């Protein structure tokens with residue numbers, strides 16, 4: 001492409017890529033040489049380095065890379081392109097490996113894994129284009145042109161799999177999949193959705209035979225970082241020296257270099273587990289209590305009304321309530337999805353918070369002190385510091401304050417603050433043959449997004465590179481539902497709408513109707529990458545896979561399938577679980593907990609899963625609590641839903657046929 005450089009000048013390259021290069025700490029003196037090599041597609045690492053294969057006395061093969069000549073890190077030409085052999089997402093790794101003919105054997109050769117295959121594995125590995133790479137290329141174009149929804153991966157019913165661990169091919173597949181988390185790296189790409197929002201997706205990749213054979217060291221002499229080359233909508237890795245290298249010296253990189261290692265250098269031995277395994281099973285599994293900074297770092301503070309203002313507001317709301325019931329309700333709203341469905345109550349929208357009876361906001365509100373002073377009669381649909389309920393890592397911190405007494409939330413660790421304790425727990429369970437399947441969740445994304453179910457410690461450790469995560473014990477024995485449409489016994493979860501009217505004491509109600517989300521495939525504790533087996537929330541492309549069922553029909557089916565179950569008893573346990581969660585989140589003073597505020601009311605979407613407990617008793621487990629849940633289906637199914645919301649939260653009209661106190 002050298003003749004085309006005039007059409008793509010260096011200045012344009014800098015405009016498009018300087019942000020990436022600076023973020024990766026690529027020395028500026030190397031940028032022009034990188035530009036030329038990318039433009040000309042010059043892969044010249046083979047002119048300066050050599051892949052070496054050594055066999056020990058046990059015929060075990062070791063692959064590494066050494067320099068063919070003296071090289072200096074200040075030489076502007078000493079920056080090298082590395083191609084990517086394959087790309088995948090964490091949930092699609094197995095599908096990519098199993099569905100591409102010959103890929104298992106080729107990856108085994110790339111990773112230096114012995115194979116009993118009679119077919120000779122070619123040591124020179126050509127690039128494999130997986131479905132993820134095709135998607136990646138298409139979506140990269142959409143960054144600058146069109147918008148589009150993210151794809152979801154195909155799924156295979158677990159019952160249709162002829163998988164057998166005794167099959168040599170499957171044994172090799174498992175070795176390759178485990179090795180992926182030693183030899184893969186990651187970057188993220190941004191997509192613009194139809195609604196204009198920007199969404200990030202993590203892409204994992206394996207470098208070509210050269211890059212893969214650069215071994216790990218805590219004293220590296222090169223760095224290898226990914227770069228998205230925008231003119232081609234294609235990702236490469238680039239390698240540059242961090243110190244001079246002598247002839248025949250092995251080149252090595254720090255595979256464990258990431259944000260968490262930089263923040264917690266004392267954790268390096270845990271983060272290095274994929275490359276330098278150690279036994280931590282005897283170390284403590286109990287993390288320290290979260291600090292005050294844990295609850296405040298990176299979050300905007302809420303300003304609380306004092307006791308005098310609270311008392312004034314309580315009196316003002318009590319006095320104004322009879323008047324409010326007789327006239328239009330003045331509403332300040334930044335979203336009208338719910339309020340436009342009010343039928344029994346007339347609304348007048350106002351654009352000044354000080355004039356509103358009800359403040360209904362999706363945007364987070366912070367100044368409760370100012371509200372108490374300027375509008376003591378007003379009520380708002382948020383509580384101060386309610387992130388302790390609605391944000392995954394903070395809810396987990398509240399739930400895990402006394403894990404021995406916690407029977408409503410799965411054992412959870414924050415990988416960004418409690419990684420050593422989690423590694424010890426995982427290895428201790430592995431040593432004792434205990435259930436050891438975990439689900440990795442991002443702190444701040446909707447359910448089903450960037451989640452991974454796995455029993456691979458190395459994979460879990462690597463997941464911290466794609467953003468803040470918690471890891472929860474996976475429910476091994478969920479109550480299953482017999483789907484009438486496909487006959488599968490599937491996982492499900494329940495979405496409840498909960499109204500919180502007060503914190504001290506807890507005053508809360510649950511809407512008497514709930515919604516059910518079903519998985520698609522037969523449940524089994526295998527094939528953890530299959531989203532349609534292990535997840536219940538995803539964006540369907542195939543609408544025929546959606547099973548909609550009203551709660552009355554669901555209860556009837558469950559009681560018929562499980563004659564020992566009385567739903568009324570299950571519902572009592574669910575209500576108790578929800579109350580325990582709210583009490584745990586409000587147990588300590590703000591910012592370590594939700595703060596009481598007489599002007600506050602809130603509606604939450606609470607997700608519950610049922611599982612078999614001791615003596616096969618059905619027990620409820622809380623998954624998460626969502627701020628301002630989507631009420632589209634609720635308003636469609638139940639035309640009086642919006643009125644019930646306002647009557648319960650703001651008008652003190654509690655209808656026991658619609659809601660139940662918890």
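Just so it is clear, glycine is given a Cβ too, placed from its N, Cα and C backbone atoms.
It should be emphasised that the depicted structure is a prediction, and the values quoted were computed from it without experimental measurement.
According to Swiss-Prot, the feature domain 'TTL' maps to 324-660, an assignment based on sequence analysis. The ATP binding site annotation in Swiss-Prot covers 472, 473, 474, 475, 491, 493.
The binding-site residues in question are 473, 493, and the one with the fewest Cβ neighbours inside 10 Å is 473. Other Cβ atoms within 10 Å of the Cβ of residue 474 (ATP binding site) number 19 in total over all chains. Under the three-state DSSP scheme, residue 493 (ATP binding site) falls in the strand class.
Computed over the domain 'TTL' (324-660), the whole-number mean pLDDT of the model equals 95. Secondary structure at residue 473 (ATP binding site), taken from DSSP and collapsed to helix, strand or coil, is strand.
Taking the centre of the Cβ atoms of 472, 473, 474, 475, 491, 493 as the ATP site, the nearby residues of that chain (Cβ within 8 Å, site residues left out) are 410, 439, 478, 609, 611, 621, 623. Summary for the binding-site residues 472, 475, 491: the Cβ-based neighbour count within 10 Å is maximal at 491.
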